[in-house]
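Below is one structure, written out as structure tokens; the observations come after it.
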Amino acid sequence: MDHSSGEDTDISESEIEEYGEKSYEDLKSGSHSLKISDVAYTCPYCPKKRKRDFLYKELVQHASGVGSCSSNKRTAREKANHLGLAKYLETDAAVAADSSKPDAEPDSQTDPLVDHDRDEMFVWPWIGIVVNIPTEFKDGRNVGESGSKLRDQLTRRGFNPTRVRPLWNYQGHSGTALVEFNKDWSGFGNAMAYEKAYEADHHGKKDWKVNHCKNSDLYAWIARADDYKAINIIGENLRKVGDLRTISDIMEEEARKTNKLVSNLTNVIEVKKLHLKEMADKFKETSQSLKQLVEEKDKLHQAYNEEIRKIQSSARDHFQKIFNDHEKLKLQLESQKKELELRGRELEKREAKNESDRKKLSEDLEQNATLNTSLSAAAEEQRKVDEKVLKLAEEQKRQKEDLHKRIIQLEKQLDAKQAVELEIEQLRGSLNVMKHIEDEGDQEVLKKVDTLLKSLREKEEEYDGLEALNQTLIVKERNSNDELQDARKELVNGLKELPRVGPIGVKRMGELDNRPFHEAMKRSYNESEADERATELCSLWEEYLRDPGWHPIKVIMVNGKPENVIDDEDEKLKDLKKNYGEEVCKAVTAALMEVNDYNPSGRYIISELWNYAVNKKATLEEGVTVLLNMWKKKRGSD
């Protein structure tokens, strides 16, 4: 086998398929020799120390197993070469291999009992054992691949198992599994082919005992007496699902069942024959009785037909007489009818005009009444809606103007309050200066002190009045603010029921966007399963968002001000980003920041008036403007 210098370096996993096609073309061109003899083959891609003789079917299983294995023991180049070999064997070499088989080989293939000791003890039903299944420790227990995945791999290799059951213990996945096959001899043949394939790849029971825990490859064999009696998790499960039987015992039991079935079927056939004879006798008697009944029926039918003919003849005569009398009366009635029609036409001509006019007038009156009623009801309903919208708009405008006036008044009062406080402090300072003047008997100084004390008391009274007025205005401002918040809530509730037609609408703060979850799942599953798994994952993260114990937010200083940011080192967010991608993680962090900003204590979803054009909370004025525009548009359409 000639290797180029380029084969000294391995290839990447993404190049396996391309390199496999290259190996397939090399095999087609005859660059490698597979046949050793008429029935023996060799693998051109295995090292010399691993080379051995294969039957055609064993070589196909070997190439498919190495090409599709997930073990790190095999390089990507080895997997690619074996994939190309499997394709070559299944397509180009299949016809040649079939034609080169000896005549006796089909019998050995169809008879799985050839070359087997019929007194050897097997676990029955036929069960295979798989060990060294890769596991990992996650969430406090060991987890590994599902049984269905391993079953599909074995099915693709031609072993046709019915079920693969991973074995679990208190630590989780034990790294072992039981492979169940059909109970018939074809199942035994598949089980033995399964064992031989792993033995051919040096991954049988003996190899496992030698290489125990030295690599991550799978090892497999058929369960026998020593496995059944073993004091471990494999033995415990084998004793639960099967028994120890020899091939001779099974064949004898099948022979007994077959003999019993033949005996039962023979008895059933005898009973059926007796029953058939009885039925034939009854059929003969019934046929004779039926023949007599048919003859009697024919006689009765002839008598009946004769009687019917007599009755029909009499009825025709009677009917003809009645018909003649009827024609006479009809002519008389026709003449009377013509006279009445002439008189009726004259009367109709006189009354037709008046009657038609009255009917038309009555119908018009009824239609007008119905239309007026409908229009009145519609107008009244429209009037109520218009009044409600106008009142809401005027109320919002009035409250906004009052709030603006109160703010201006508060600012003025605050300025006045500060001026009074300043003047009081100045008066107190002047008073203290006067008290420290050395000449205490100076009358002029005493008068100034009295004047300052009087001014101080007046300013303090004025200050107290302004303080009381300020408190009153603060209470009114709070009430107005509460009213505005109530109006905002009503506006949100109203717009929530209407479709958004512009940038202003209602946004559910803290709601998780499920679209990235669906996109992430579509990359791994089909459409229906992706939707189901995305819904489950989205629900799980909605629960995390509502959990007050999970708070992956930290505070940092930005330009001297504290600011909330996402903690990138949070384990849940790191796992989410690693397993499902950046977009899913962004959706979760966006919902988390909204909950932290708008409802950090309750951590549930709230509705907020939102300006989607600038991506921030909309003002009450913007919401009222949207409502007025909708109202004007509706009036214009009406």
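A Cβ is built for glycine as well, from the same backbone N, Cα and C atoms used for every other residue.
Unlike curated records, TrEMBL annotations are generated automatically.
Of the listed segments 1-24, 97-120, TrEMBL assigns region 'Disordered' to 1-24. Looking at 310-344, 345-379, 380-414, the range tied to region 'Disordered' in TrEMBL is 345-379. On the 0 to 100 pLDDT scale, the domain 'Factor of DNA methylation 1-5/IDN2' (507-634) averages 84 in this prediction. Under DSSP, residues within the domain 'XS' (119-229) fall into helix, strand and coil as 37 helix, 38 strand, 36 coil.
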